[in-house]
Amino acid sequence: MQPIPIVTIVALAVAIIIAIVVWSIVIIEYRKILRQRKIDRLIDRLIERAEDSGNESEGEISALVEMGVEMGHHAPWDVDDL
């Protein structure tokens with residue numbers, strides 16, 4: 001084969017590999033964002049119920065604990081989802 005088709009095939013293979021890596025990173029980050037939104041919704045619902053009833057909902061706390069979230073200071077300005 002001549003050098004031009006070989007270079008073209010190699011460049012195409014490299015481009016495909018780069019695209020797979022980039023989209024894999026995008027999917028991983030998207031899942032992190034979705035998980036964080038779910039956690040934020042649970043915390044907001046927990047706070048709302050605590051304000052309404054005066055005590056916290058054990059079911060939602062256990063759901064947060066299963067996800068590995070510690071309860072404590074909920075600071076909206078401490079968002080690290082970039």
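Glycine too: its Cβ is placed from the backbone N, Cα and C atoms.
Under the heading phosphoserine, Swiss-Prot lists Ser53 (among others).
Look at Swiss-Prot and you will find Ser57 (among others) tagged as phosphoserine, backed by sequence analysis.
Per-class residue totals from DSSP over the topological domain 'Extracellular' (1-7), listed helix then strand then coil: 5 helix, 0 strand, 2 coil. The topological domain 'Extracellular' feature in Swiss-Prot is assigned to 1-7.
Per-residue confidence over the topological domain 'Cytoplasmic' (29-82) averages out at a pLDDT of 73. The topological domain 'Cytoplasmic' annotation in Swiss-Prot covers 29-82 and rests on sequence analysis.
Taken from Swiss-Prot, the feature transmembrane segment applies to 8-28.
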